[in-house]
Amino acid sequence: MIDTSIPLVDLHRHLDGNVRVETIWDLGHQHNIALPADTLEGLAPFVQIQGKESSLVAFLKKLDWMVAVLADLDAVKRVAYENVADAAISGLDYAELRFSPYYMAMNHKLPIEGVVEAVIDGVKAGLKDYEVKINLIGIMSRSFGQDACMQELEALLAHKQHLVAMDLAGDELGFPGALFNDHFKKVRDAGLAITAHAGEAAGAESMWQAIQELGATRIGHGVNAIHDPKLMEYLAANRIGIESCPTSNLHTSTVTSYQEHPLRTFMEAGVLIGLNTDDPGVSAIDIKHEYRTVKQEMGFSDAELAQLQRNGVEMAFISDSERKALYAAKA
């Protein structure tokens, strides 16, 4: 199912959406934070999706528990370290871990730049212990507004040498991308790549805006592109990468079933699209789950799965020499 001659990558993976249940339990008790359950087993349903069905509201409540226990910078560093470990344990050769320092800082009023530094330190520590290639993507959480996003961006750009890209995430309908054009001019001036969550809650126009005004060369989710034939043609012709997250889309009710997911529509249109986990801690999945699910639930052949694997490597925010090195390591 997984082609072992092709690097296995996960490019849309939220570091702050992948906190182990045991870590939430440990940090909650360490910092005297009231948890919603009295046992580790009882905690799991409050922080992870149980079964296939969910809603965006239920999903986000679980996600909030992942950052509710980040009471100090050591906790942030631990979570970053464990994200590297989890990426390696799940069999990934390369992962891009994205994080919103404002979101991670807000519950316990941590310094935003301190959170950025703690994430970088945790990842560096993880890379000493685990054999996996990792890059970081900074997130601006649009739901907190323009001013908060500018604070977040400045904290991230102070450490831009440790980032490969910036992302825009959060409430796509309430905070459209046009509110952040000035922010992304700073990102482009800093020389970072750009991805954006778009076409998930809003329509194709949100994706056009992200590409034409923000400068995005990759789009997170993008499921609503299929309603705009011109956009689909543009995506294919310009090799705009679509970071597809089928299980997450099901869990947030972006799609109602795997069979309804537009992954195959994108592939048949020649769009560059790859498989990703999104918030693997909340969804209780790993990357192999996504490949297995696409095969079993959506009828993809092994050849099509291999193409998805290759697409992921092509879409990665790495140099051609780094891409070659990933392939060479699989030979």
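One-based numbering along the chain as shown.
Note: Cβ is positioned from N, Cα and C throughout, glycine not excepted.
As annotated by Swiss-Prot, Zn(2+) binding site applies to HIS12, HIS14, HIS197, ASP278, with the evidence given as sequence analysis. Proximity of HIS197 (Zn(2+) binding site) to non-local residues of its own chain (separation of 6 or more, Cβ distance below 8 Å) is seen for ASP167, LEU168, ALA169, GLY170, GLU172, ILE219, GLY220, HIS221, given in sequence order.
The substrate binding site annotation in Swiss-Prot covers HIS14, ASP16, GLY170, ASP279 and is backed by sequence analysis.
A coil conformation is recorded for GLU200 (active site, proton donor) in the three-state DSSP classification, outside any helix or strand. Neighbour list (GLU200 (active site, proton donor), Cβ cut-off 8 Å, at least 6 residues apart, same chain): GLU172, GLY220, HIS221, GLY222, VAL223, ASN224, ASN249, THR254. Swiss-Prot lists GLU200 with the feature active site, proton donor, giving sequence analysis as the kind of evidence.
The site 'Important for catalytic activity' annotation in Swiss-Prot covers HIS221 and rests on sequence analysis. All protein chains considered, the CB of HIS221 (site 'Important for catalytic activity') has 25 other CB atoms within 10 Å.
Between the alpha carbons (Cα) of ASP279 (substrate binding site) and HIS14 (Zn(2+) binding site) lies a span of roughly 5 Å. The number of other Cβ atoms within 10 Å of the Cβ belonging to GLY170 (substrate binding site), over all protein chains shown, comes to 18. Using a 10 Å radius centred on the Cβ of ASP279 (substrate binding site) and all shown protein chains, the other Cβ atoms total 28.
Under the three-state DSSP scheme, ASP278 (Zn(2+) binding site) falls in the strand class.
Other than the site residues HIS12, HIS14, HIS197, ASP278, same-chain residues with C-beta atoms no more than 8 angstroms from the centre of those residues' C-beta atoms, the Zn(2+) site, are ARG13, GLY17, ARG98, ASP167, ALA169, GLY220, HIS221, GLU243, CYS245, SER248, ASN276, ASP279.
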